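A short write-up of the structure that comes next.
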Amino acid sequence: MKLTCALIVTLLFLSITAGDSRGKHRYNALKSMSREANSTERECREKGQGCTNTALCCPGLECEGQSQGGLCVDN
């Protein structure tokens, strides 16, 4: 009986707290990550800077040696 009551109280508490935080980011890091993911403008890498799949070179440059940590070079 005591176990059942404790279980019911726990479930009520969890359901109330889960419903209260809906739509809110708990951590600032999550806010900045979601803002960054939604951003359509990204900084590009200049000539001689490192590039990857996510850090792209500026227009007119290409990423050479990308699989090993590439560099932006002229097209």
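Glycine is treated like the rest: Cβ placed from N, Cα and C.
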Name the cysteine that pairs with Cys72 in a disulphide bond per Swiss-Prot, restricting the answer to Cys44, Cys57. Cys57
Which of these, Cys51, Cys58, shares a disulfide with Cys63 in Swiss-Prot? Cys51
Cysteine paired with Cys58, where Swiss-Prot records a disulfide bond, from Cys5, Cys44: Cys44
With an 8 Å cut-off on Cβ-Cβ distance and a minimum sequence separation of at least 6, pull the same-chain contacts of Cys51 (disulfide bond), or say none. Arg45, Cys57, Cys63, Gln66, Gly70, Leu71, Cys72
Which listed residue (Cys57, Cys63) has most other Cβ within 10 Å, given these are disulfide-bonded residues: Cys57
I'd like the Cβ neighbour count for Cys58 (disulfide bond), meaning other Cβ atoms within 10 Å of its Cβ, all protein chains included. 13
Residue, out of the disulfide-bonded residues Cys44, Cys72, whose Cβ gathers the largest set of other Cβ atoms within 10 Å: Cys72
